[in-house]
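Asks: There's a structure below that I have some questions on.
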Amino acid sequence: MENGESSSSSNERHAVCKDHSCSRQFRNGSNPWMARYVYGLIFLVATLLAWAARDYGRNAMMEVKRLRGCEDSRDCLGAEAVLRVSLGCFTFFIIMFFSTVGTSKMDEPRDSWHSGWWSAKIVMWIAFTTIPFLLPSGIIKLYGEIAHFGAGVFLLIQLVSIISLIMWLNDRFQPEKSAERCQIYLMLLAMTAYFVCLGGIILMYIWYAPEPSCVLNIFFITSTLVLLQLMTSVALHPKVNAGILTPGLMGLYVVFICWCAIRSEPAVGKCIRNAGATDKTDWLTIISFVVAVLAIVIATFSTGIDSKCFQFRKDGTHAQDDVPYGYGFFHLVFATGAMYFAMLLIGWNTHLSMKKWTIDVGWTSTWVRIVNELLAVCVYIWMLVAPLVWGCWQTEST
């Protein structure tokens, strides 16, 4: 008994010490879980700085001699300001990527570098944010072209992460045959998703296709409805049997992308609501902009810690001293996310005039969203049929 009591008290002391150690690490800024929030805050500050430089920094930018090569346009100066801030943010996170990729244990020096040294990293981030403003316009334009590709990589990573989350939810809440109540709840959730999808499609027809002349919007919305039916048919095929929940959740995502695509269209003509409104900025525009910026940061943050869905080898074992998430992947997502927020703030076009408090507006943005929607459906269907294709290939090879 005495040995048992001493053993339990020893374990309690060890747990208390462990808790104190964790709290001390958190206060000192050397906790990897706290570190991701600090990186997210840095990313948010960079995004807001890029927006401020675009909307309110053009006069100051015109005074910088190195920016006078920007051809005859204040809009060009605004786009270049966004790209310069984006370049600084990208450089910071890509250096963090190369210095932390491959970290597997929490006692490695690179873990300490990822989770601490904040004074040095803040100085480094400020320096990398300042240096691009001293570079000639030619280098910034080259970065702008590369950023198109980097932003596309970010969208692809985000897409795979979202689909993997939907698949995980389906597996996590898949009821057993005996759990009839769970089956009812699962069916209600799936039907709710489908009702929301159909309601969103109907509202888009009412708001964005009020006349037969709105051919493009009608095409976008109808294609989304067809894609929803296609995903449902494939998921419910007897050989796939993926259930009704995943196509319903994917339908929500696809309808949302279609809505974002149409909202990105320039506000001209009768096919966009409030197209005839004045250019005056109202509170709804400001709220929409703030929500969009927060959505960028949250999407980048959540995708950055989801490195497991990109592992080709799945290992269920996890030691206590293993890192909680992939540091290299985390910083890579933030690096491509820096390119992504630049593309949203300039409408994927370095020569586009963007109004104040606007984000992701322009025909280029619209078509990027539509391609992203089609790619999302293709990736989802491939994840459903890939096991069948792989099984057939193995059968034929044997």
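The backbone N, Cα and C atoms fix where each Cβ goes, and this holds for glycine too.
This is the feature table in TrEMBL:
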type: TRANSMEM; residues: 37-56; note: transmembrane segment
type: TRANSMEM; residues: 77-98; note: transmembrane segment
type: TRANSMEM; residues: 118-135; note: transmembrane segment
type: TRANSMEM; residues: 147-169; note: transmembrane segment
type: TRANSMEM; residues: 184-208; note: transmembrane segment
type: TRANSMEM; residues: 215-236; note: transmembrane segment
type: TRANSMEM; residues: 242-262; note: transmembrane segment
type: TRANSMEM; residues: 283-305; note: transmembrane segment
type: TRANSMEM; residues: 325-349; note: transmembrane segment
type: TRANSMEM; residues: 370-390; note: transmembrane segment
Asks: The transmembrane segment (242-262) vs the transmembrane segment (370-390): three or more C-beta pairs under 8 Å (separation of 6 or more)?
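Replies: Contact between the transmembrane segment (242-262) and the transmembrane segment (370-390): present.
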Asks: Against the transmembrane segment (37-56), which of these stretches has the most C-beta pairs under 8 Å: 77-98, 147-169, 215-236?
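Replies: Most contacts with the transmembrane segment (37-56): 77-98.
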Asks: Under 8 Å, at least 3 Cβ pairs, sequence separation 6 or more: does that hold for the transmembrane segment (215-236) versus the transmembrane segment (184-208)?
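Replies: With 3 or more qualifying Cβ pairs, these stretches touch.
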Asks: Would you confirm whether the transmembrane segment (118-135) and the transmembrane segment (77-98) meet the contact rule of 3 or more C-beta pairs below 8 angstroms, pairs 6 or more apart in sequence?
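Replies: Contact between the transmembrane segment (77-98) and the transmembrane segment (118-135): present, because at least 3 Cβ pairs are under 8 Å.
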Asks: With CB pairs under 8 Å as the measure, which of the listed stretches 184-208, 325-349, 370-390 comes out on top against the transmembrane segment (77-98)?
Replies: 325-349
